[in-house]
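Below: the structure, in structure tokens.
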């Protein structure tokens with residue numbers, strides 16, 4: 001097999017590996033202040049316990065804010081001081097899913113939330 005064919009095969013394999021990694025979040029929800037909420041982030045295509053999962057927030061018209069992260073292998077968490085005590089980050093490694101949870105929402109929690117590996 002020529003070097004060009006080997007390179008093309010290697011690139012095809014690498015593209016396939018990268019394309020399999022996914023984080024799929026639960027859908028949008030409409031909630032009232034004072035209600036609870038849990039959003040999920042399901043990982044696939046990689047070893048879920050080998051990577052931290054971070055959560056970030058984007059308020060309307062604003063930039064991204066890092067909220068915190070979890071190590072799914074042992075559920076160790078770090079929080080931004082701005083979010084400590086207001087949200088809870090957890091994970092269930094048996095189903096490769098991380099969660100972001102509020103026990104009592106505020107109107108100021110209106111935003112887009114994203115998980116990231």
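Just so you know, glycine gets a Cβ as well, placed from its N, Cα and C.
Copied over from Swiss-Prot:
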type	residues	note
SIGNAL	1-19	signal peptide
REGION	20-44	region 'Framework-1'
DOMAIN	20-117	domain 'Ig-like'
DISULFID	41-115	disulfide bond
REGION	45-52	region 'Complementarity-determining-1'
REGION	53-69	region 'Framework-2'
REGION	70-77	region 'Complementarity-determining-2'
REGION	78-115	region 'Framework-3'
- [ ] Enumerate same-chain residues with a sequence separation of six or more from residue 115 (disulfide bond) and a Cβ-Cβ distance below 8 A; give 'none' if the list is empty.
- [x] 23, 25, 41, 53, 54, 55, 56, 98, 100
Task: Counts by DSSP class (helix H/G/I, strand E/B, coil) across the region 'Framework-2' (53-69) - done: 0 helix, 12 strand, 5 coil
Open item on the list: Return the average pLDDT for the region 'Framework-3' (78-115) as a whole number.
Closed with: 98
Open item on the list: Assess whether the region 'Framework-1' (20-44) lies in contact with the region 'Complementarity-determining-2' (70-77), where contact requires at least three Cβ pairs under 8 Å among residues 6 or more apart in sequence.
Closed with: no
Task: Spatial neighbours of the region 'Complementarity-determining-2' (70-77) far in sequence, C-beta under 8 Å, 6+ residues away - done: 48-53, 89-91, 93, 96, 98
